[in-house]
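These notes are about the structure you will find just below.
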């Protein structure tokens with residue numbers, strides 16, 4: 001308890017409103033952050049292993065972007081070890097200003113990568129449905145790698161002005177006191193981020209998915225009309241299977257995108273309000289921040305529940321791990337290691 005009291009003196013506990021419950025609130029925050037850190041790292045490691053072990057998932061070009069999102073979310077979990085270790089054991093030698101700036105910058109860059117990948121995924125699915133004949137010539141592995149490299153470069157550059165004193169990159173729910181009191185948001189920098197990142201990504205996603213589902217609905221209607229006119233026509237099944245997998249896969253990606261913006265919308269709204277000095281609430285800041293960061297784990301859950309190929313790869317990976325464990329146990333039972341005597345000579 002003395003360690004927790006020492007921790008509460010140096011760290012900012014956004015949910016602590018009174019002196020008597022400050023320690024309990026810090027413990028609650030620590031539990032939330034530690035749990036999210038563990039879930040994010042474990043979930044995204046599972047996604048990465050499944051993608052490497054399931055060849056069928058590589059048939060989709062969007063697997064490049066999904067793996068990039070998984071690595072970015074994994075780095076989010078690794079970055080969350082900084083506040084986790086800081087809450088569990090405070091080190092007086094840590095420079096709060098540098099730690100806050102680096103941690104806030106890294107988290108903002110990684111979530112920018114996820115947001116840009118979601119926008120690129122929507123564009124990829126839009127091209128797959130609107131231009132199926134020329135899709136393979138438009139979307140090549142080389143162009144995908146270049147696009148992913150540009151996403152990382154753009155995300156690193158857009159938040160770089162925060163190091164030169166122009167506002168805060170958008171990280172709230174501050175762990176260190178310096179982040180909450182000395183590092184303030186700037187309305188102009190917030191507008192800069194919204195105009196160059198949040199708004200374009202949201203517009204691209206809304207535009208592409210609106211047209212994707214519009215085209216899929218028209219195609220479904222045409223198939224229904226054709227079946228009504230020609231009940232025994234064999235070409236309907238072939239025409240339906242050409243777009244049905246694309247529509248189902250688009251639905252999976254649309255769920256991931258929807259959950260992303262549902263979890264991030266409160267954070268973005270609070271970011272705008274705090275930058276305009278309209279609202280400043282430490283508890284609301286903490287909740288919106290870690291609600292947004294929890295999206296790094298939600299992507300794993302949605303993809304594992306929605307994609308049948310991913311579930312198959314996950315099951316095969318689990319069976320492989322279990323079978324290897326069973327084989328090692330059987331080998332130990334069949335060939336037990338001889339016990340060495342105290343004074344025996346090994347040849």
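Cβ atoms here come from the backbone N, Cα and C positions, even for glycine.
Residues or ranges marked as transmembrane segment by TrEMBL: 31-57 (among others).
As annotated by TrEMBL, domain 'G-protein coupled receptors family 1 profile' applies to 43-303.
Taken from TrEMBL, the feature transmembrane segment applies to 69-90 (among others).
If you look up TrEMBL, you'll see 102-123 (among others) marked as transmembrane segment. Packing against the transmembrane segment (102-123) from elsewhere in the chain are residues 62, 65-66, 68-69, 72-73, 75-76, 79, 82-83, 147-148, 151-152, 154-156, 158-160, 162-163, 168-171, 179, 183, 197-198, 200-201, 204-205, 208-209, 212, 253, 256-257, 260, 264, 292-293, 295-296, 299: each is 6 or more residues past its ends and has a CB under 8 Å from a CB in it.
The transmembrane segment annotation in TrEMBL covers 144-167 (among others). Counting residues 6+ beyond its ends, the transmembrane segment (144-167) has Cβ neighbours under 8 Å at 61, 64-65, 68, 101, 104-105, 108-110, 112-113, 116-117, 120, 184-186, 188-190, 192-193, 196-197, 275 in the same chain.
If one looks beyond the transmembrane segment (187-212) by at least 6 residues along the same chain, the residues whose Cβ comes under 8 Å of a Cβ in the stretch are 112, 115-116, 118-119, 122-123, 125-126, 129-130, 158-159, 161-162, 166-170, 250, 254, 257, 261, 268, 271-272, 275-277. For 187-212 (among others), the entry in TrEMBL reads transmembrane segment.
Residues 62, 111, 114-115, 118, 121-122, 125, 170, 172, 185, 190, 194, 198, 202, 205, 209, 213, 279, 284-285, 287-289, 291-292, 294-295, 298-299, 302-303, 306-307 of the same chain sit 6 or more residues outside the transmembrane segment (252-272) yet have a Cβ under 8 Å from a Cβ within it. According to TrEMBL, the transmembrane segment annotation covers 252-272 (among others).
Sequence annotations record features per position, and here TrEMBL assigns transmembrane segment to 284-306 (among others).
Using a Cβ-Cβ cut-off under 8 Å and counting only residues 6 or more beyond its ends in the same chain, the transmembrane segment (284-306) has close neighbours at 14-15, 29, 32-33, 36, 39-40, 43-44, 46-47, 66, 69-70, 73, 76-77, 80, 107, 111, 114, 171-174, 251-252, 255-256, 259-260, 263-264, 266-267, 269-270, 274, 314.
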